[in-house]
């Protein structure tokens, strides 16, 4: 084995550590798959629950500001505390989701993409190529005002212009008795950012782009999404997409999900907040596993980018680890959190050797499973295998990836 020639990463990467089993995996990945091959300045932020509590969650906003400063961040999975976690860690308060905090500071769109491995059976067998779900992570149900209507009466929506113009009233419903009501919103600026990010990813990945709404029912609300996407396509992106042989199309959400099931994959769907939330999990499971899903947050100007695994901290395995028992935890999505960040860093820095290394690492991950038949328990189970010899431990899998990477790189 020849000596490893380290590649230098020109600019820093923001590294955000996490919790429980994923924190252990994160360290293995860094020690075995990143640092032996790269000279990289990692700006380290500990987003583990104890340190977030110690800093009153300031560490999370500091990490977000650092991503805005340096352009690229990679994040380990983190605990979002509930009542039980507050008690378990004796927390000062129930801190917000770190992902939510990062999104609020950075802005941008969340794109979730499945990792496709040939020998992992798919629940939807026709899906050969990835389906990327772009989720508009602003407004709608997630920032709505929902109320319980106590008795009969009139419900109205009132708009009061800031410039002192005429107040507008919109009758909503005449209640004969108790019920519920909901008022939600979105903004042209946020929808435009969402559309820009979606078109840019389509061009970068050379994939067709769909957007989906229910504009036949919500003619003005969903119509606004449709109009903004179509306006940008015509004025800014159609020529470039034509050159690449790709296109954009709006589809009704019900038609879109039906077409999705019949298709072979290989496209992007830009979805409203709720639709994207639901469909990204359906897509992940359809491709075989929630453990095979990448998640990136990207701003429309491309200046801020954050990648992470689209799963939690794997508490159940961590409890086994704490008891000294062996674990077989899937680290693939966490490895991809690093590789997607490195690819973005390499593109921004114009260092193709960094991009090439990250792509080689992704290839090594896939081949460890598909060629070497080395996999964790969850992947073995998808093949109907339950015997102990069919899977390896958490650390053995990462060692397997390192061996495959060295073989492919000629070390």
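Residue positions begin at 1 at the first shown residue.
The backbone N, Cα and C atoms fix where each Cβ goes, glycine too.
Owing to the predicted nature of the structure, the values given are computational and were not obtained by experimental measurement.
The NADP(+) binding site annotation in Swiss-Prot covers 78, 79, 80, 85, 262, 312, 313, 314, 315, 316, 317, 330 and is backed by similarity to another entry. The C-beta environment of residue 262 (NADP(+) binding site), restricted to residues of the same chain at least 6 apart in sequence and closer than 8 Å, consists of 126.
Same-chain residues at least 6 positions away in sequence with a Cβ under 8 Å from that of residue 80 (NADP(+) binding site) are, in sequence order, 95, 96, 97, 98, 99. What Swiss-Prot records for 80, 97, 98, 99, 100, 101, 102, 103, 112, 135 is substrate binding site.
For 142 (among others), the entry in Swiss-Prot reads site 'Critical for catalysis'. Around the Cβ of residue 142 (site 'Critical for catalysis'), 13 further Cβ atoms fall within 10 Å across all displayed protein chains.
Annotation note: residue 214 (site 'Critical for catalysis') sits in a coil segment as assigned by DSSP. All protein chains included, residue 214 (site 'Critical for catalysis') registers 15 other Cβ atoms within 10 Å of its own Cβ. According to Swiss-Prot, the feature site 'Critical for catalysis' maps to 214 (among others), an assignment based on similarity to another entry.
Secondary structure from DSSP puts residue 254 (Mn(2+) binding site) in a helix. For 254, 277, the entry in Swiss-Prot reads Mn(2+) binding site, with the evidence type similarity to another entry.
Cβ crowding, taken as the number of other Cβ atoms within 10 Å, peaks at 78 among the binding-site residues 78, 313, 315. Of all residue pairs in 80, 97, 98, 99, 100, 101, 102, 103, 112, 135, the annotated binders of substrate, the farthest apart have Cα atoms separated by 20 Å. Around residue 254 (Mn(2+) binding site), a 10 Å sphere centred on its CB holds 11 further CB atoms from the protein chains shown. Counting other Cβ atoms within 10 Å of each Cβ, the lowest count among the binding-site residues 100, 277, 317 belongs to 100. Each residue contributes its Cα atom, and for residue 277 (Mn(2+) binding site) and residue 112 (substrate binding site) these two points are 10 Å apart.
If you take the Cα of residue 78 (NADP(+) binding site) and the Cα of residue 214 (site 'Critical for catalysis'), they are about 34 angstrom apart, rounded to a whole number. Put simply, of the binding-site residues 102, 112, 254, the one whose Cα is nearest the Cα of residue 317 (NADP(+) binding site) is 112.
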